[in-house]
């Protein structure tokens, strides 16, 4: 009877149907650290008794619906460290995880980009989306299908002349020949490295401009690579690494001027290389190419020099290498082909950073923004004027709008009223538009001017939503709502959390005619009514009578007293104080009004990845509004001195990192500082000195009614909630107890989700190396073990000893007989392929002048990768 099965650290790529047939008594199955890509609904069909299934560290991108349904005893499922693709085919998994009490480790999406690192269980159904290609596949296993718009014959895939803009996904791993010629492909994705059986790859007549390092490194069987007639300008030094069997390489008809020395070091089998019709710059930096072609008798075709003048039109394969000399710097256009920053594209003192794919990024100096930092950040940032009005700065923090014909108002928000002479009938309402109007008809009427009577509850006119029953009363209609909905048309989802029974600081999550309680750490039960188990402690233990408010009681070893380990978001000796809160769409925190006399200062430490959202709002007519606008902090201040004063931060804060905001309001002077940087100040100049309001202070969002008024009066641009977390809040230097807030709406204690964002190595994909977080803590890099290379250290070293029987040469002398000579060839990542062991041997030499002598030479015995180059 088999109970445990461990198939770990192998090369298992798929689980065939009925692979585990008959193992009905098995309880533990470990499949971690393999290469499984897809889980189907018959992968584990016979494992009725299975309790633990580990799929940790595989290549799983998709899991088919019903994959785990037959494992009724399953209690632990480990899906961590997999590149899960959260498209529409994975929508089911979110609900399944919520509805099953199973330990999972909270698996996260790795793609698409906008869902990266978000727990699958937290993603709403509408956010699981497919593009046109993904939707074509009915499940997540397209390996057996031919890519869309391609023709497949055996292991040959032809996608020529299909106007493709990208290399098709889901090319079968067993493909040996792939034809992608005459398309519009601009970049080569790293996924092409998965086609390890390729012998021929044709990418000619496309739009490719750059060959990145290691882009073909795993294509060890490739013999023919055709890249002719693209827009290649830059070849990085390790672009052809790993192509040891390549015989034919065509780079003909591109825009290549320079090729780094050593680019062809792995091309040990090459016989033909076509580089004609390229503007090659033949100075000393290209001398190596001529030597390489001439020494190894590689057929170089008609490759000719284009510049400098002294080398113009000379054939590479026949020009003497000593003619390749450096007399002057190449033209800037040549140097800029591999360095996008060479031409200094950034303005106003910005620094330029070279990026992959010949791109660049301008890091703007304080006070500027834009792709090239060409725009100044002032009161007109983002153009606050409506209807294509032109913004003009009046003074620091204030602006005016110059309106186009047909519009008026402070923000050009009002257009000419075309409803003055409207033709709307049957009490239809005239809606003014730009130089026109439309009629909004009462229920039961239609037509351009509401002149047509419509029958209620007709299939073409049923105003009742969400499955409600429509009843026609001739003069009006009635919607009979289903459970969980209300409103005239049954469009309102009832707030089932209004009278919830959640206990012990649990968060109520509204559902459809239901709700659920998210329990603090240690609590359990439907309403989180079950406290942490203290039965584990002796009856005399202080934890029997603990007063930990929002956390678990813990007895340190050797101590006679207990400590409280707080649930996320809570602090204090007894976890009695709520200090940090997470926000989602619709969330907000309502606090007491601010007191501005003599002054008020606020400090907020928060994190978000969204570029818009309410940070803080206080007031009604007079107001202080702090919101995110295009990733920057926007301030709107009116103490009663119209017009409003506006200010934007120079820094962007929507990068998923924690940022500290400091605000001081002293009379009509407002000062802001971000992350301890430069202070910025505006003055709402006028006769009034203080902002006074009895309205509540809102943090992270605001109620709909308040939001509508703020939008209407231009206090804020976007009323959406912050969708992030406030880790620290201080008002006049003191942290408010958020438990005592006037209202907590749809908030959740703690910043657990966002704290994990700053730990990028939690689910890293480094295979043969160490995960190292980048300086911004948003991503990571893989520091490879000796010899390994590639972005995930998945490209093995190819360093090896190659032996040949030949004479040993030195100047005009050679050995008197042939020797077994060896050399070290192949790649070692960032290290060097060199001899690790050698032996000295005496060799008899004979020279052309008739003299003879004996020389000791080093004979290579063993090759390997070494950090010492």
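All residue numbers here begin at 1 and follow the chain in the order shown.
Every residue, even glycine, has its Cβ placed from backbone N, Cα and C.
TrEMBL: automatically predicted annotations, no manual curation.
Quick look at what TrEMBL annotates:
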DISULFID  364-373  disulfide bond
DISULFID  403-412  disulfide bond
DISULFID  441-450  disulfide bond
DISULFID  481-490  disulfide bond
DISULFID  519-528  disulfide bond
DISULFID  543-553  disulfide bond
DISULFID  566-575  disulfide bond
DISULFID  761-771  disulfide bond
DISULFID  784-793  disulfide bond
DOMAIN    339-374  domain 'EGF-like'
DOMAIN    376-413  domain 'EGF-like'
DOMAIN    415-451  domain 'EGF-like'
DOMAIN    453-491  domain 'EGF-like'
DOMAIN    493-529  domain 'EGF-like'
DOMAIN    539-576  domain 'EGF-like'
DOMAIN    578-751  domain 'Laminin G'
DOMAIN    757-794  domain 'EGF-like'
DOMAIN    799-869  domain 'CTCK'
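Sequence features annotated in TrEMBL and their locations in the structure.
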residue : record         : Cβ neighbours (10 Å)
364     : disulfide bond : 22
403     : disulfide bond : 20
481     : disulfide bond : 20
528     : disulfide bond : 21
543     : disulfide bond : 20
566     : disulfide bond : 25
575     : disulfide bond : 23
761     : disulfide bond : 15
771     : disulfide bond : 17
784     : disulfide bond : 24
Practice task
With an 8 Å cut-off on Cβ-Cβ distance and a minimum sequence separation of at least 6, pull the same-chain contacts of residue 519 (disulfide bond), or say none.
Solution key: 504, 506, 525, 528
Handout entry: Recorded stretch that, among 339-374, 415-451, 453-491, 799-869, has the most CB pairs under 8 Å to the domain 'Laminin G' (578-751)
Key = 339-374
Problem - Stretch-averaged pLDDT - the domain 'Laminin G' (578-751) - result: 92
Practice task
In three-state terms from DSSP, label residue 543 (disulfide bond) for me.
Solution key: helix
Problem - 10 Å Cα neighbourhood of residue 784 (disulfide bond): matching disulfide-bonded residues from 364, 481, 543, 566, 771 - result: 771
Handout entry: Residue distribution over DSSP helix, strand and coil in the domain 'EGF-like' (415-451)
Key = 0 helix, 13 strand, 24 coil
Problem - Other CB atoms, at most 10 A from the CB of residue 441 (disulfide bond) - result: 21
Handout entry: For residue 793 (disulfide bond), the one of 441, 450, 761 that lies nearest, given that the disulfide-bonded residues are compared by Cα
Key = 761
Problem - Assigned element (helix, strand, coil) containing residue 553 (disulfide bond), judged by DSSP - result: strand
Practice task
Check the Cα-Cα distances from residue 575 (disulfide bond) to the disulfide-bonded residues 364, 490, 543, 761, 771 and tell me which is shortest.
Solution key: 543
Handout entry: Cα-nearest neighbour of residue 771 (disulfide bond) within the listed disulfide-bonded residues, 364, 373, 481, 490, 553
Key = 364
Practice task
Compare the Cα of residue 441 (disulfide bond) against each of the disulfide-bonded residues 403, 490, 553, 761 and report the nearest.
Solution key: 490
Fill in the blank from the handout: Checked against DSSP, the composition of the domain 'EGF-like' (339-374) is 0 helix, 12 strand, 24 coil
Handout entry: Set of same-chain residues at least 6 away whose C-beta sits under 8 angstroms from residue 450 (disulfide bond)
Key = 424, 425, 426, 427, 428, 439, 441, 442
Practice task
For residue 373 (disulfide bond), identify the closest of the disulfide-bonded residues 412, 481, 490, 543, 566, judging by Cα separation.
Solution key: 412
Practice task
Going by Cα-Cα distance, pick out whichever of the disulfide-bonded residues 403, 412, 543, 566 is nearest to residue 490 (disulfide bond).
Solution key: 412
